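What TrEMBL records for this protein:
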BINDING   H214, H251, H284, H320  heme b binding site
DOMAIN    40-168  domain 'DOMON'
DOMAIN    180-375  domain 'Cytochrome b561'
REGION    378-400  region 'Disordered'
SIGNAL    1-18  signal peptide
TRANSMEM  215-236  transmembrane segment
TRANSMEM  248-272  transmembrane segment
TRANSMEM  284-302  transmembrane segment
TRANSMEM  322-339  transmembrane segment
TRANSMEM  351-369  transmembrane segment
Amino acid sequence: MILASFFLLSIGAHFTPCSEPFLNVSQRKNFTYCKKLTTLEAEFAWRINNEQQIEILFGTRLHTGFGWLAWGVNPDEMPQMVGTRAMIGIWNSDGSTFITTYNITSDTKMGCMLKPEKMDEKVQNEVGFHNMSMENINELDYFAIQARVILPPAAYNISKLNHVWQIGDEAEGTEPKMHAKTLQNVDSTETINLWVRDEAHHVGKHENHLRTVHGILNIVGWGTLLPFGVIIARYFKYPLENFHDWRIPLHVSCQIIGYILGTSGWILGLVLGNLSKFYIFKIHRLYSIFIFTFTTLQMLALRLKPGEDDEYRKFWNMYHHFLGYALLAVISINIFHGINILKPNDTWRQAYIGILISLGAIVTVLEIYTWTKFKRSPKPTASAQAGISATGLEVPQPRP
Ligand code: HEM
Ligand code: HEM
Ligand code: HEM
């Protein structure tokens, strides 16, 4: 399943050209290359004057109608916010506008005021931004910034250029304020070969596919098979006692497959977390560590479960039941959390809600069936009784 997903998804990995209207605007302005960036619905066009000089146009929507738009380059090994030399166009809510350059440092990331800073390519390894301009592209409802960028060859190479983009909703005069921290906002960097029209290594290009696989494995493994296994353990005892003999083998098989798929998804999550070195989703990570630890504990039942007649079996049952149900709750919270981080189209949420509704419907029908069967039957069936004596668990008893 994992290999198949990788295969299908890698086929889908390709360059995304610009939208028709942005392409028209860029061609009107004599830009020769144009591509859609992977996040923030941004689009990027460029023209190479020579190895050290490029013209760039960067545009996207600002949903509130004002805020700021930033584009910059980073001389480090990997593209990231800190160290980026950027130009930022600001549309203030009072109607004033500014476009100027900023040096983004670790102090900025810690919340210190981001002040304009003059940049000059004549200073060693410094980037030059010239002919900067900003505009609203009305036909597209886009805001855009444009400049000629001079890149010192000692620090930048246009066939392997780290570029970084960002948008924010708030600004005060020439000071842009903190941007949102969604995946779209933190995954807004890539290393690009400006010579090649359709080749750009985006940090999130392969990651996006891995994220999809991660989500699917987790939803199927933790989110579907584990609860299904619990339903089997619960209802094959009563009222579906005809399947009693299948109860534990099916429960255990379901949980083992669910655990293997879920753990693969979890490991993929850790790999993704490691690949994106400059940001972290703490709560999602904490929940997932909890889930992995305690499902592993549940799985130890394979070897460490007390025998049916053991005096501790009663307590093991209580612990196994309590932890099992608690895990189901945390898993569904974390799945919604993951979907919120990924912010894909609504299909994911709808699909998972669909799975929850189906599992809920099965449980409701079986609960109703349990109670009607229990009310009608004068005595519990032999196998249900066997279930009671074997486990010591409470099963509905017929009224005297
Ligand atoms: C206005 C001042 C800014 C502040 C206070 C700020 C603050 C932050 C913070 C706190 C994070 C970490 C988020 C997390 O780990 O959850 C972050 C991430 C990020 N920011 Fe900013 N930021 C600012 C401006 C910018 C600008 C202008 C750019 C782009 C040119 C940018 C690009 C990024 C990127 C790409 C990340 C992802 C992590 C990384 O690369 O370090 N930020 N920012
Ligand atoms: C993450 C994995 C697992 C979860 C979440 C889980 C959860 C549960 C839950 C909630 C129940 C109680 C159902 C009910 O009657 O209401 C249950 C029952 C049971 N589970 Fe698991 N389980 C897991 C793995 C395992 C494994 C690996 C075994 C291996 C032997 C196992 C053996 C049992 C047994 C024997 C029962 C029946 C207890 C009784 O007699 O009522 N479970 N499980
Ligand atoms: C119970 C199920 C899940 C577990 C155990 C889990 C586990 C993880 C882990 C360990 C990480 C790495 C966190 C970090 O170090 O920053 C992660 C990241 C992530 N997860 Fe999940 N996850 C689950 C469900 C989901 C779902 C259903 C989705 C989306 C549909 C999802 C989307 C993401 C995304 C987008 C990231 C960020 C990747 C990145 O940093 O680039 N997760 N997950």
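Keep in mind that glycine also has a Cβ here, set from the backbone N, Cα and C atoms.
Ligand 3 lies within reach of H284 from the binding-site residues H251, H284, H320, judged by a C-beta closer than 6 angstroms to any of its atoms.
Beyond its flanks by at least six residues, the transmembrane segment (351-369) meets 219, 223-224, 227-228, 231, 234-235, 239-240, 332, 335-336, 339 of its own chain at Cβ-Cβ distances under 8 Å. Secondary structure by DSSP for the domain 'DOMON' (40-168): 4 helix, 65 strand, 60 coil. Counted as Cβ pairs under 8 Å, contacts with the transmembrane segment (284-302) are highest for 322-339 among 215-236, 248-272, 322-339. Ranking the binding-site residues H214, H251, H284, H320 by C-beta neighbours within 10 Å puts H214 at the top.
Beyond its flanks by at least six residues, the transmembrane segment (322-339) meets 214-215, 218-219, 222-223, 226-227, 230, 283-284, 287-288, 290-291, 294-295, 297-298, 348-349, 352, 356 of its own chain at Cβ-Cβ distances under 8 Å.
Summarised as a single figure, the pLDDT of the domain 'Cytochrome b561' (180-375) averages 92.
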